[in-house]
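Here is the structure we will look at.
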Amino acid sequence: MAFKVFVDGQEGTTGLRLLDYLSQRDDIELLRIAEDRRKDPAERAKFLNAADVAFLCLPDVASREAVSLVDNPNTCIIDASTAFRTSDDWAYGLPELAPGQRERLRNSKRIAVPGCHASAFVLLMRPLVEAGIVPADYPITAFSLTGYSGGGKKMIADYLAADNPKLQSPRPYALALTHKHLPEMRVQSKLALPPIFTPVVGNFLKGLAVTIGLHPQHLASKVSPADIAKVFADYYQGEQFIRVAPADNVETLDNGFFDVQGANDTNRADLFVFGSDERMVVTARLDNLGKGAAGAAVQCMNVHLGVDEATSLHVEAPVKAEGPAHPVREAAPDFAT
């Protein structure tokens, strides 16, 4: 018997991606709401309560409203907004977070999908805090470079029009240092302080890399880049969607340059360490529309339903057929999520 799945907010980036992931599966029955009834609370409630799994791809306020419409105790809600990511009543949707996280995802009927920047940040920081290398009160500064697909249909259209020279260079944003991912970055990494976090949008569709600088002399213990890489490798041993590169591995670079888009079209996160015993950087790379959004949501669903965790997902990018891309179809405002 197929699992019944409903996507509330299927016209946005994450919703469209979810439909792409799920539409070819024979173990999923997609519940389709009529286009003219998508904003009808009564109709939405009917579909939400009929589903085994309901994905919410909505702004925070709308997600909270949708949750209030669900009274079926058997419906698992997987929410892609920022509304519940630090709530004790919701399982954080990062199966690789810590031992026991998959069990929590299997047992929970409320799952909060991590933000794209936060996913990369937490994958870097949680192992280092757990290992006692990075003190909880360490003053973290993080930089994230991301593609423009996170900015929604208008931003995608602006970049595709290519008539604004300002869009050709990287553009920092969220300079008030109040980005909506900060709470989950702090809580899920077990930090005492939120990081100083600067995201930057670049002139490419998708791909994301978060980089954090570390001064070993200010850490709880003196470590080398190789030590940090070993911590990552040990922490994520056996994780099919986490790939840890050897420290200072030049083979991961392109003539000395880092490829932010190297994990695109996968559900993979790649972790790197570069530097010396005096100073180093750690970097996590992922597809902001994959492991940073819809791919993570599907992975959580797979874990919850007890099916193969990799169903619908890719560790390596599939070979694409020839033909034009449709980037505008991948659009909805995600920088806030």
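All positions are counted from 1 along the displayed chain.
Just so you know, glycine gets a Cβ as well, placed from its N, Cα and C.
Model, not experiment: these values are computed from the prediction.
Secondary structure at Cys116 (active site), taken from DSSP and collapsed to helix, strand or coil, is helix. Counting every protein chain shown, the number of other Cβ atoms lying within 10 Å of the Cβ of Cys116 (active site) is 30. Sequence annotations record features per position, and here Swiss-Prot assigns active site to Cys116 based on sequence analysis.
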